[in-house]
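See below for the structure under consideration.
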């Protein structure tokens with residue numbers, strides 16, 4: 001069902017005090033509802049044969065709190081018959097049929113589904129199970145919170161039974177690829193005592209119809225299976241259970257050896273089989289409704305069955321068989337590849353690994369067992385594995401945490417990316433084979449299928465480190481329930497719930513978010529070349545050279561004349577041939593391959609002309625300039641909302657967008673300069689290397705500063721920066737400004753390294769224009785860098801600075817720790833200039 005929004009003659013109450021994001025989209029902010037309005041709403045909540053500890057009890061509490069906050073009406077909670085007047089009735093389908101004797105009027109309900117009927121003061125919320133009833137309660141509150149008091153009568157059910165989120169939380173409290181603070185589950189090797197944040201996380205997840213959460217990292221630590229920690233898992237499960245959410249855990253394949261002391265972890269060894277069965281029994285004794293296991297094996301250094309020459313199916317089935325008596329599910333990751341492959345062999349290709357490893361094992365996995373071939377890139381084709389496993393239950397893995405996509409310091413709304421994948425038709429056996437229908441189990445008539453998303457919330461009050469990034473978690477839940485929903489419609493529901501119903505706010509955030517994925521793709525990696533980030537270090541800033549000359553397999557094969565991976569059957573790695581015939585034909589042919597995947601499937605000259613008529617290299621140059629300009633537009637769009645959003649969230653989002661605008665220029669210049677240097681082909685528009693408004697730091701008069709050759713070279717404006725001569729020496733860089741007199745935005749590009757908090761002051765004629773501290777490790781969430789590079793490169797801008805031709809500009813840098821107060825350049829920007 002597509003959720004709709006009907007305009008009514010109600011409007012939000014004026015903005016209240018500051019908000020910190022903790023409530024996410026469950027703010028239940030007040031809407032205007034006078035006494036007449038309140039009288040037209042229910043007066044009580046009726047639950048049938050339920051207890052307070054289950055999801056229906058939770059639903060009644062949510063409804064009571066929600067109605068009081070949204071419309072100011074207090075509702076009592078009763079356990080009575082279905083005939084109560086002026087009430088919200090909450091029940092399971094079975095309870096409703098037994099108590100109300102109205103079987104004929106109840107629509108059929110599918111997996112976790114619900115029926116919502118609301119006519120004024122009479123509301124019925126009937127779930128296929130208690131979980132479904134809770135989902136219906138959240139749905140009703142969502143409508144009210146958006147000002148929708150209209151009559152509704154509809155049913156909706158889940159697209160697939162498995163709708164999980166994964167946390168890559170480590171036992172020490174850190175989170176792998178997490179950008180929002182420490183774990184809410186673990187610290188110092190144990191489960192935390194205070195689980196209050198876990199309860200709020202459960203509320204958020206249940207409201208978007210998530211039914212399972214894996215609480216620990218796929219690169220798992222066997223110590224999670226100690227008796228003390230299994231007791232802690234039971235406490236976590238007790239918090240999630242009232243919200244209809246089951247917990248599961250990731251396992252380390254070698255645990256029978258490293259924790260159990262068996263001296264082996266061979267999945268066919270009887271002692272190993274017995275060990276896993278006993279561990280599983282112990283877990284289910286503590287958590288009877290545990291969802292199951294997630295296993296990463298034989299990949300990226302993780303142990304697996306290949307150590308004993310066992311197949312991946314044999315490795316998976318030792319867990320699946322241990323789970324079967326308890327009804328648990330094993331999710332076995334297909335993210336399996338050799339990260340030591342030799343790039344000099346033309347036919348080697350990491351993208352082939354999933355099909356190579358798993359296709360021949362189809363049908364050998366027990367029944368209770370990544371969307372792209374590489375690793376959550378800004379653009380990848382759909383994994384061909386979806387078209388090659390007919391007899392195996394499958395789920396799709398997405399990433400809410402933005403590992404390769406700006407790490408929540410760049411606005412990137414991901415629903416359009418996901419929708420493009422889900423709507424893709426693989427044409428298996430020349431029949432309609434949409435990815436969304438494959439993962440649901442519908443296409444190949446499988447009983448089990450679904451979704452998993454790596455989320456990685458932390459202790460930051462915004463959950464993901466950024467207010468706007470929460471749109472991705474919300475969208476994931478909505479799509480996992482109903483993948484035909486519209487990305488913009490999902491987004492606008494989230495905006496109204498999170499920021500209110502001001503049309504200006506709705507329009508601005510909608511435009512920004514819908515433009516954000518194309519913008520990020522434009523200023524990072526284009527035409528299917530991947531994200532061009534540093535794959536060997538932080539996965540954050542630009543470093544295109546890191547893609548090649550290593551065994552990780554994310555190669556671009558770029559040289560002086562050509563670029564791209566040849567994945568054709570005719571002349572390349574054969575990856576195109578892993579797709580069904582109709583799709584393989586498209587990708588095999590250079591002319592029919594879509595431009596946005598050209599370099600994924602083909603190795604071509606930089607001068608190759610796209611369907612647009614541009615050459616590959618000119619498309620690179622233009623796209624990177626376009627993307628950076630779009631990122632700067634986000635900033636002005638957000639600033640137009642000042643006074644329409646509470647001050648705290650306005651300022652926190654503004655800070656991220658200011659940073660994104662500056663870092664988009666780092667990306668733009670780095671990628672363009674790298675390929676200009678490699679190819680020797682100039683930009684037709686003569687923009688590269690032409691920066692008339694910049695003053696390079698190394699060209700200024702230096703005292704206590706010295707030039708420094710930056711690596712990678714392209715992450716500095718003129719390939720150089722300046723650093724203090726020692727970590728105890730204050731540096732000064734000054735110059736006479738040769739610009740027309742006027743008002744400028746004065747920007748300073750510098751490097752904010754991890755391990756120090758340098759301080760800078762900028763003067764114009766001894767007048768202080770601005771001061772700042774290099775403390776981004778405290779204010780931003782991305783993985784920091786200890787180097788002067790594209791990860792630490794950033795910009796600060798002081799607006800409206802009056803400059804006279806001939807003024808003296810001076811910057812004083814005070815180093816701290818390992819950070820030598822590094823500077824790249826100064827830029828004086830006239831109005832409407834982006835550089």
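Along the chain as shown, residues are numbered 1 onward.
Cβ atoms are placed via backbone N, Cα and C, with glycine included.
If you look up Swiss-Prot, you'll see 1-18 marked as signal peptide. Residues annotated as N-linked glycosylation site in Swiss-Prot, with sequence analysis given as evidence: 49, 101, 148, 221, 278, 309, 342, 460, 522, 571, 677, 727.
What Swiss-Prot annotates, mapped onto the structure for a quick look.
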{"residue": "49", "record": "N-linked glycosylation site", "DSSP (3 states)": "coil"}
{"residue": "148", "record": "N-linked glycosylation site", "DSSP (3 states)": "coil"}
{"residue": "221", "record": "N-linked glycosylation site", "DSSP (3 states)": "coil"}
{"residue": "278", "record": "N-linked glycosylation site", "DSSP (3 states)": "helix"}
{"residue": "309", "record": "N-linked glycosylation site", "DSSP (3 states)": "coil"}
{"residue": "460", "record": "N-linked glycosylation site", "DSSP (3 states)": "coil"}
{"residue": "522", "record": "N-linked glycosylation site", "DSSP (3 states)": "helix"}
{"residue": "571", "record": "N-linked glycosylation site", "DSSP (3 states)": "coil"}
{"residue": "677", "record": "N-linked glycosylation site", "DSSP (3 states)": "helix"}
{"residue": "727", "record": "N-linked glycosylation site", "DSSP (3 states)": "coil"}
Query raised in the report: What's the most sparsely packed of the glycosylation sites 148, 727, counting other C-beta atoms within 10 A?
Result: 727
Query raised in the report: 10 Å Cβ neighbour count around residue 309 (N-linked glycosylation site)?
Result: 8
Report task. List the residues of the same chain that sit at least 6 positions away from residue 342 (N-linked glycosylation site) in sequence and have their Cβ under 8 Å from its Cβ, in sequence order, or write 'none'. Result -> 348, 551
Requested in this report: Count the Cβ atoms, other than its own, that fall within 10 Å of the Cβ of residue 460 (N-linked glycosylation site), considering every protein chain shown.
Outcome: 19
**Report entry** Integer Cα-Cα distance in angstrom, residue 571 (N-linked glycosylation site) to residue 677 (N-linked glycosylation site)
**Finding:** 28
Report summary line: Of the glycosylation sites 49, 101, 148, the one whose Cα sits nearest to the Cα of residue 522 (N-linked glycosylation site) is 148
Requested in this report: Mind giving me a neighbour count for residue 101 (N-linked glycosylation site)? Other Cβ atoms within 10 Å of its Cβ, every protein chain shown.
Outcome: 9
Query raised in the report: Do you know offhand how many angstrom separate residue 309 (N-linked glycosylation site) and residue 101 (N-linked glycosylation site) by C-alpha?
Result: 60
Report summary line: Quick note, residue 148 (N-linked glycosylation site) and residue 101 (N-linked glycosylation site): C-alpha atoms separated, nearest Å, by 30
Report summary line: One of the glycosylation sites 49, 278, 460, 677, 727 has its Cα closest to the Cα of residue 221 (N-linked glycosylation site), namely 278
Report task. Determine the most Cβ-crowded residue among the glycosylation sites 49, 221, 278, 677, using a 10 Å radius around each Cβ and all protein chains in the structure. Result -> 221
